[in-house]
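Trainee: Take a look at the following structure, please.
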């Protein structure tokens, strides 16, 4: 692993709130327009040169709407174009230059799927830690089993020094139970992007997660 020096990454909000994870500029823009303030652009399996313009545009949108825009995986481009933050999976930690990310002043989020990965993430002192997957999910092939609400609550209690984000199979119907665990952020993918009325669902999620009125 490309170890980082023994100091914390840039801080972010303790409660990141509703945290959609989307794969296009179109989704970034439409969600920021209706009040989302934390969002991740997750484009997978493309060469950096093929995603650079989208990353530039996403970062500009983040600034326009004063939002926390995280770039998944493409940490070099995130540094180059001064993103708010980067999100890395466990496999990315082995190859990313964590010191370069830290020295650039970017926030860092790390995915975890069990207690071993959680302890590893905590040692790196990231800006936030993602805990998952909570429920079965079809968005991403997962080698691990769903952790469930009880495990999530335990992990949140063990991670009180860090902002936490729950992810994985979280639907509109389940989000209140997730929030009740004390987790500070709720990441969703298909609950928004596959909704028949994405705008209504997003506004309702903002109400349930952040207390923002939906009308």
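Keep in mind that glycine also has a Cβ here, set from the backbone N, Cα and C atoms.
Found this in Swiss-Prot, in case it helps:
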type	residues	note
BINDING	40, 41, 42, 43, 44, 72, 111, 140	4-amino-2-methyl-5-(diphosphooxymethyl)pyrimidine binding site
BINDING	73, 92	Mg(2+) binding site
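Help me see these features in their spatial surroundings.
Mentor: In three-state terms derived from DSSP, residue 44 (4-amino-2-methyl-5-(diphosphooxymethyl)pyrimidine binding site) belongs to neither a helical nor a strand segment and is classed as coil.
In sequence order, 73, 75 make up the list of same-chain residues 6 or more apart from residue 92 (Mg(2+) binding site) whose Cβ falls under 8 Å from its Cβ.
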Trainee: If you draw a 10 Å sphere around the Cβ of residue 111 (4-amino-2-methyl-5-(diphosphooxymethyl)pyrimidine binding site), how many other Cβ atoms fall inside it, taking every protein chain shown into account?
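Mentor: Excluding its own Cβ, residue 111 (4-amino-2-methyl-5-(diphosphooxymethyl)pyrimidine binding site) sees 23 Cβ atoms within 10 Å.
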Trainee: With the cut-off set at 10 Å between Cβ atoms, which of these binding-site residues ends up with the most neighbours? Options: 42, 44.
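Mentor: Selected residue: 42.
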Trainee: Using a 10 Å radius around its CB, how many other CB atoms surround residue 73 (Mg(2+) binding site)?
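Mentor: Taking every protein chain into account, the count is 22.
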